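Participant: Sharing a structure here in structure tokens format.
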Amino acid sequence: MEEDLFQLKQLPVVKFRRTGESSRSEEDGISGEHEVQIEGVRPELEPVELEDGAAVPKEFANPTDDTFMVEDAVEAIGFGKFQWKLSVITGLAWANAMEMMILSILAPQLHCEWRLPSWQVALLTSVVFVGMMSSSTLWGNISDQYGRKTGLKISVLWTLYYGILSGFAPIYSWILVLRGLVGFGIGGVPQSVTLYAEFLPMKARAKCILLIEVFWALGTVFEVLLAVVVMPTLGWRWLLILSALPLLLFAGLCFWLPESARYDVLSGNQEKALATLKRIATENGAAMPLGKLVVSRQEDRGKMRDLFTPHFRWTTLLLWFIWFSNAFSYYGLVLLTTELFQAGDVCSISNRRQEVKAKCSLTCEYLTEEDYTDLLWTTLSEFPGVLVTLWIIDRIGRKKTMALSFLVFSFCSLLLFLCVGRNVLTVLLFIARAFISGGFQAAYVYTPEVYPTATRALGLGTCSGMARVGALITPFIAQVMLESSVYLTLLVYSGCCLLAALASCFLPIETKGRGLQESSHKEWGQEMVGRGSHSP
């Protein structure tokens with residue numbers, strides 16, 4: 001008997017640990033480990049190393065979890081063919097930058113063709129931002145209540161319809177209303193970032209969201225090139241119609257888009273979410289985690305009060321100011337670029353302004369080939385901003401990236417106080433635009449990451465709405481205040497970005513290396529505690 005006991009004690013012990021969230025007995029709750037004696041099992045197992053970005057093999061995919069969450073499945077499946085397709089399709093929606101870039105081409109054309117006074121030309125631009133500001137929160141609410149795919153499809157089809165219709169506007173009042181409705185639709189297009197981010201594994205999320213921003217820059221470049229070909233021959237009406245081509249292509253391909261699995265789980269559609277995850281795993285050639293998909297606690301979605309809970313109140317207020325400052329400075333710099341290039345330098349602006357006052361407000365000048373070239377070079381300056389942000393965002397974090405972008409813009413704005421030559425002026429303006437566009441892109445990465453699934457679309461929508469407020473105000477600084485004092489104008493932009501840099505540093509949550517939060521009832525990032533090492 002004693003010999004038998006001695007032999008049993010010499011057997012190796014294999015320890016099993018439950019990592020899922022399944023219900024367990026009271027005895028199991030006391031200790032998460034269970035010791036089982038198995039004869040002939042080696043106590044040491046050889047580790048299996050995976051290459052960076054490689055999917056988890058089927059025989060090793062989550063072998064001991066009896067439950068898994070959407071975040072676990074997204075991380076286990078990894079980045080593959082499905083995400084590449086999703087990048088292109090959502091990028092087509094993001095190419096709506098053509099509808100924004102066309103404002104700088106359409107305004108001077110109508111100013112000459114319809115003999116519009118300056119205030120009506122300015123109103124044609126402002127009405128688009130009014131539409132975007134008034135709809136951003138609404139589209140966010142629709143995406144949280146009825147699904148990301150639903151909100152994105154409706155907003156894109158809305159923009160496509162009224163964008164084409166505005167090409168047939170017979171008079172000024174018609175095109176004013178129609179462009180306002182186009183702006184109303186554009187306010188929902190940023191929800192493509194919400195849908196896109198919820199399908200991306202943690203390690204690829206920042207880079208992919210930044211790279212999809214390239215479609216914005218490509219859209220603006222394509223619009224200028226299209227204008228060079230179309231405007232001299234077919235005119236502005238055909239330019240408006242052809243500018244809707246990316247959205248038309250998206251409308252034809254959007255049937256392929258699945259609904260967000262995170263949204264489906266949160267809204268109680270567990271089977272639909274599981275089917276979506278299996279579809280992604282099949283397309284990527286990866287394994288699904290073993291076990292049962294955990295159904296998150298169903299919550300009220302798209303409620304404004306959830307943005308101001310004690311945990312998110314400070315984050316929401318700081319993000320609103322950061323987004324406001326981004327748009328205020330970005331669009332302000334676009335307007336200032338034209339003024340500074342035409343004057344030659346800052347010191348010449350006051351003299352130029354006195355000459356302009358003597359001219360009639362109906363005096364117009366059609367855009368020349370040189371003007372289109374300047375527009376093209378100015379637009380190309382955004383690509384370095386993407387590359388710089390792409391390089392630093394996963395090295396120093398989201399908060400520091402935004403703060404650095406604002407600081408560089410503020411510094412370049414102060415350097416414009418000097419009476420520099422045109423070449424130095426061009427370099428300073430390009431650096432400033434590259435970094436402020438990079439700050440905008442970093443905000444697009446951070447905002448969907450910091451809010452839980454129940455309020456992610458609404459949080460992004462309200463931030464986008466605050467950005468439109470900044471875009472509405474900036475013409476009064478970059479154009480009206482500029483007539484009084486160019487130095488005060490530059491000081492306003494520099495001071496605003498300096499405050500935005502401080503706001504970025506005071507954000508309470510850094511999302512670098514964290515998973516997306518599913519439920520607002522859990523501590524931030526709780527879903528990924530202890531799972532960071534399992535990311536592919």
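Placed from the backbone N, Cα and C atoms, the Cβ positions cover glycine too.
Curation does not apply to TrEMBL; its annotations are automatic.
So TrEMBL has the following annotated:
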- 85-512: domain 'Major facilitator superfamily (MFS) profile' (DOMAIN)
- 86-107: transmembrane segment (TRANSMEM)
- 119-142: transmembrane segment (TRANSMEM)
- 154-175: transmembrane segment (TRANSMEM)
- 209-230: transmembrane segment (TRANSMEM)
- 236-257: transmembrane segment (TRANSMEM)
- 311-331: transmembrane segment (TRANSMEM)
- 401-418: transmembrane segment (TRANSMEM)
- 424-446: transmembrane segment (TRANSMEM)
- 458-478: transmembrane segment (TRANSMEM)
- 490-509: transmembrane segment (TRANSMEM)
Participant: Limited to the domain 'Major facilitator superfamily (MFS) profile' (85-512), I'd like the whole-number average of pLDDT.
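Facilitator: In the predicted model, the domain 'Major facilitator superfamily (MFS) profile' (85-512) has a mean pLDDT of 80.
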Participant: By Cβ distance under 8 Å, which residues at least 6 away from the ends of the transmembrane segment (311-331) in the same chain are close to it?
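Facilitator: Same-chain contacts beyond the flanks: 402, 406, 409, 433, 436-437, 439-440, 443, 446-447, 450-451, 455, 459, 462-464, 466-471, 473-475, 477-478, 493, 496-497, 499-500, 503-504, 506-509, 520, 524.
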Participant: Are there residues at least six beyond either end of the transmembrane segment (490-509) with Cβ under 8 Å to its Cβ atoms? List them, or say none.
Facilitator: 314-315, 318-319, 321-322, 325-326, 328-329, 332-333, 346, 399-400, 402-404, 406-407, 409-411, 413-414, 416-417, 436, 439, 446, 450, 477, 481, 524
Participant: Going along the chain, which residues at least six beyond the ends of the transmembrane segment (86-107) come within the CB cut-off of under 8 Å?
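Facilitator: That would be 121, 124-125, 128, 152, 156, 159, 163, 182, 186, 189, 192-193, 195-196, 199, 208, 211-220, 222-224, 226-227, 231, 236, 239-240, 243-244, 246-247, 249-250, 253-254, 256-257, 334, 367, 375, 379.
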Participant: Determine which residues of the chain contact the transmembrane segment (458-478) at the Cβ level, with the cut-off under 8 Å and only residues 6 or more beyond its ends counted.
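Facilitator: Sequence-distant neighbours of the transmembrane segment (458-478): 122, 125-126, 129-130, 132-134, 136-141, 143-144, 187-188, 190-191, 193-194, 302-304, 306-307, 316, 319-321, 323-329, 331-332, 335-336, 339, 443, 447-448, 450-451, 489, 492-493.
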